[in-house]
């Protein structure tokens with residue numbers, strides 16, 4: 001009897017020690033992890049909530065009320081109208097300048113990254129390793145460290161205080177080139193390219209009709225990174241531009257914000273807040289609309305067979 005009881009206890013203990021099989025379709029609940037993530041999410045949303053609340057205030061309410069409470073007057077639409085009419089509509093010009101820098105500078109950087117990444121991944125040429133190491137070294141160098149030498153070079157050429165002084169440095173995106181290199185290795189099989197060449201396709205046709213469609217998720221990912229970097233570029237336009245008519249949004253809004261600390265200047269912090277809200281909306285909308293593509297691109301670039 002004791003032997004039977006002992007065997008049952010042994011089987012019961014073995015069953016308890018037996019590891020559970022992982023089922024990916026079953027959501028594993030971890031309340032501690034959920035609470036910690038929730039705290040970080042709330043903390044991350046604090047600035048956005050503050051921005052939304054204060055975008056509805058007048059200048060007087062912005063100064064005289066608590067940051068997370070609404071003002072006495074809902075002035076959201078009045079602030080938008082005033083934003084685009086203040087100082088002869090200068091905000092609208094800054095918005096167009098920013099779009100220009102992103103389209104020309106950021107778009108050009110994406111094109112160069114696609115061509116460079118594809119060439120490094122699929123062509124064997126003399127100096128290929130040296131070029132790749134140069135790209136990796138450029139990634140390690142902070143952009144702020146190159147800002148002053150770049151300014152001195154453009155000053156000698158007489159190109160400062162022009163859009164060119166912002167656009168040309170924006171064309172260089174070593175991290176984007178590296179990402180396209182990884183995407184090309186993972187997403188474009190060499191066998192497909194060889195089959196296209198055997199069918200008589202030229203290198204240009206092979207690239208545009210075979211490789212480029214396969215690189216679409218990677219292109220979207222690199223485009224988002226590059227557009228975000230160019231849209232939020234602060235230090236380069238700050239040292240290159242003196243004429244406010246060529247300012248991007250981030251520099252112009254900072255100039256308006258500084259008016260509150262200049263004796264005799266008109267404080268327009270309510271316009272700075274509503275302008276900041278409008279500044280981030282295009283980026284948020286772009287990320288949400290292209291979410292499926294850039295998530296696929298990150299997966300393709302981060303997982304190796």
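Placement of Cβ uses the backbone N, Cα and C atoms for every residue, glycine included.
From a predicted model like this one, the values you see are computed outputs, not experimental measurements.
Here TrEMBL gives transmembrane segment for one range in the set 8-29, 206-227: that range is 206-227.
Feature transmembrane segment, per TrEMBL, maps to range 130-154 of the set 55-79, 130-154. Long-range Cβ contacts of the transmembrane segment (271-290) within its own chain (Cβ-Cβ under 8 Å, at least 6 residues beyond either end) map to 51-52, 54-55, 57, 62, 76, 79-80, 82-83, 86, 91, 95, 220, 224, 227-228, 231, 249-250, 253, 256-257. Panel annotation: around the transmembrane segment (206-227), residues 102, 106-107, 109-110, 113-114, 118, 122, 173, 175-176, 179-180, 183-184, 187-188, 192-193, 196-197, 283, 286-287, 290, 293-294, 296-298, 300-301 of the same chain, lying at least six beyond its termini, place a Cβ under 8 Å from a Cβ of the stretch. Sequence-distant neighbours of the transmembrane segment (30-53) (same chain, 6+ residues past either end, Cβ-Cβ under 8 Å): 67-70, 273, 276-277, 280.
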